[in-house]
Amino acid sequence: MDVRRRSEKPVYPSKVFGADEKPLKPHNNQQQEDNNTLLIDASDALPLPLYLTNGLFFTMFFSVMYFLLSRWREKIRNSTPLHVVTLSELGAIVSLIASVIYLLGFFGIGFVQTFVSRGNNDSWDENDEEFLLKEDSRCGPATTLGCAIPAPPARQISPMAPPQPAMSMVEKPSPLITPASSEEDEEIINSVVQGKFPSYSLVIQLGDVSAAASLRKEVMQRITGKSLEGLPLEGFTYESILGQCCEMPIGYVQIPVGIAGPLLLNGKEFSVPMATTEGCLVASTNRGCKAIYASGGATCIVLRDGMTRAPCVRFGTAKRAAELKFFVEDPIKFETLANVFNQSSRFGRLQRIQCAIAGKNLYMRFVCSTGDAMGMNMVSKGVQNVLDYLQNEYPDMDVIGISGNFCSDKKPAAVNWIEGRGKSVVCEAIITEEVVKKVLKTEVAALVELNMLKNLTGSAMAGALGGFNAHASNIVSAVFIATGQDPAQNIESSHCITMMEAVNDGKDLHISVTMPSIEVGTVGGGTQLASQSACLNLLGVKGANREAPGSNARLLATVVAGSVLAGELSLMSAISAGQLVNSHMKYNRSTKASS
């Protein structure tokens, strides 16, 4: 092999070139050397000279460390908690962190830059190989040598193929791309897909909630590779949910709304809106409404009205926890606490405080009226005011959480079943023998026996908590979704016991539902949305009642209970008559799935 060392600099012949010939131009690296291009040091990016910057951070590190150590010794002597810091201590901590980061990440920058700026003495470097290959692929003859040499065929140098990435065990979905309406939108979409821009900031960037929802939907399609074509986007006022109902929307879900009724309740007729995807539910409830109407209507009474919130506090001993329990249960002290609580709202009024102790932990269940609002935010604000007041009276009290699950919210709990939460309601009706036979297609005795063995004995065998009914949750959920209530509160709102008894010498049927914790409101949350507001308006309970605050929410609770009464009556009759399977096969079976 002929190995020859290349000269440090290319030597160009001094011979005069032809008219059509150009001398071989020096490589760009050589041009930079000829032009005496200055090399940039890494320390040039610093605002101060390197030695001053290093000295500054050295001084800051040791001075701040000395300050913090002295403050630490003082806190130990004074028994001050270490986590309590002043503004000067906070600034010292930040300065210490900054100096440590600099010393670990940037110290010795002058030493490092010597390697960065050190060049190769040989002007021919590795990058010159590409230059040689390009210049050596000339197609014309080398006439400058004074002889005619046949031109060699030009060599075709194919670029190397980039390395293929290793196969992943999980195949990523191919992005589903829909053309954006403008180049600016396309740029924003790509930024979100690549993780350079957060999706939740689209509203701030665009200034339009609807446009942000449209772009966010397109982003989700590209990231997941799944089509969202069936999820509607147009036809919804997204400004109405901004900051209160839903974050980062990409559309809305359509749920059909049916009407059951008229429901004759306390002498008034109500057309009950029910949002559901379960076939036969509206039809069954409608049949129950018909039976109640034909029998003279139903009567409904609100027994209690009070939303609850139960914070958890802890003391050093159980004795101290008991002292606070006696304090808040004292009628004289309660008046003071009620005044503190009531300052948080025009409608929130503290009714009572129920306490429970677990060791040195105290749970205080605040009960208050909340007007026409469901009231969770209202009662939480009032409880916070009381806790701030008690903190001054009991400085050793440690607030664990404003909610200690003794409330109890969105969970089946015996405290709600026994003490009630929200609106406690009982609804009753007497269904005549004729209606039982002609409308419900069953017998009074059969209904009474079925209710005892199914709703009472059967639920007891199952260990049910508040579930002594046939399907109260079905009706509660449907009315809740239609009227903008919190669907998650269907859990405790569906607590119900259904009672049936033969009256009037066994000819007629007395049926009742007792529901101790219906949590509803006619203002706030989803009640202000257009569709839900229309359903509330249909019932005559839209918004707040200015003349009698809270009456609209209580009326809505009675409508819920009356609808449950109708649903229980119809379903129990269908089971008693053996019609349940046939009716569900007719109304609750998808023809597409069965075909």
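Including glycine, each Cβ sits where the backbone N, Cα and C put it.
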Do you know which of N35, N78 is annotated N-linked glycosylation site by Swiss-Prot? N35
Taking the glycosylation sites one at a time (N342, N455), which has its Cβ surrounded by the most other Cβ atoms within 10 Å? N455
Counting distance between Cα atoms, which of the recorded positions E278, N342, K410, N455 is nearest D486 (active site, charge relay system)? K410
Sequence-distant neighbours of K410 (active site, charge relay system) in its chain (C-beta under 8 A, six or more apart): A488, Q489, I491, E492
K410 (active site, charge relay system) falls, by DSSP collapsed to helix, strand or coil, into coil
